[in-house]
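Worksheet: one structure, shown below.
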Amino acid sequence: MFIGLYVLLVLTEEGFFWHLKKNYSTFHDSLRIRRVAGVFHYDRNIRYNLTFQEAKEACEKDFAASLADRMQLFTAYQQGLEECRAGWISSAEVAYPRVHKNWNCGQNHTGIITYGIRENLLERWDVFCYNPHRVSCGGVLQGDKGEFQSPGFPQSYPSNMDCTWEVTAPPGHLILLAFHSMALEEHKGCQYDFITVFDGKREEGVELGRFCGSQLPPPLRSSSNTMTVQLRSDASVELDGFSVRFHSVKPPS
C-alpha cells in the first residue's frame, strides 16, 4: 500500500483551495453515479490502469468519444455527476466530481476534486470520456433476424447504464432469442449488473428471466411478435457485456 502526502486541489463554485491528504488508497466507490451531459467514467474493467494515451484510446476506440475537458466535467458535476475515483481529462489533469460530502471522497469537500496536471503521463488512472451524442444504447429492432450487443462489446460496458432493446418480428411470428456471449458482474440475486428479458414490451410484458454472471441463459421464446431486453449496470465492476442473436419463428401448431 502506498502511504504518503500529496497535495489535493479542489475546485468549488467559490474558488480554489489546497488540502493535504494522507493515504490515497482509501478512495472507493461509495455512491451511485449518473451519466450526465455527455460525460461518463470509464476504466476498461481494471481500476487505475490507464496511462494518458491509453485513456484517450479507450474513449475513442470503445465509444467513439473524446476525453472530457474541465468545463465538460464541471457542467456534468453541476447537473449531478458524481464519482469517487479519479480519472484523466483532456488537459492531462486528473480529477473527479463530488456532489455530496464524504470523508473518503475528497474529505467532505464538493466540486471538482483535482490532483492537477500530471507531468508523468505514464501514471495510471481511470478516465472521464465525453460523447455529446451519448454512447449507443438500446433501440428498436425489426425484422426476421438480427444481432445486438452491450455498449462497447467486447470491451467492458460503462457504469450506470439503463439500455432497452425492443425486438419486433413480422406479424404472426414469434421471436427466438439466443445469447452467444455474456459476462456481467456476478451476484446471487443479480442486483448489481443484470439483463432482464421480457415477453412483450417492458411496460406490459411478463419477465422471462433476470441474468448476470457468465453462464449463458437458455434460448428464450416470446409468445407474440415482440420481446424486450434490458441491461442495467451499477457504479462499479464493468465486465465484457453480452452479444445476442434473434430470429423469427412460426408459432407451434
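Backbone N, Cα and C define each Cβ position, glycine as well.
C84 (disulfide bond) counts 22 other C-beta atoms within 10 Å of its own C-beta, drawing on all protein chains shown. Per TrEMBL, the feature disulfide bond maps to C84-C105.
Residues annotated as domain 'Link' in TrEMBL: 38-131. For the domain 'Link' (38-131), the mean pLDDT of the prediction comes to 92.
Using DSSP to sort the residues of the domain 'CUB' (137-249) gives these counts of helix, strand and coil: 0 helix, 56 strand, 57 coil. Feature annotation from TrEMBL assigns domain 'CUB' to 137-249.
C105 (disulfide bond) counts 23 other C-beta atoms within 10 Å of its own C-beta, drawing on all protein chains shown.
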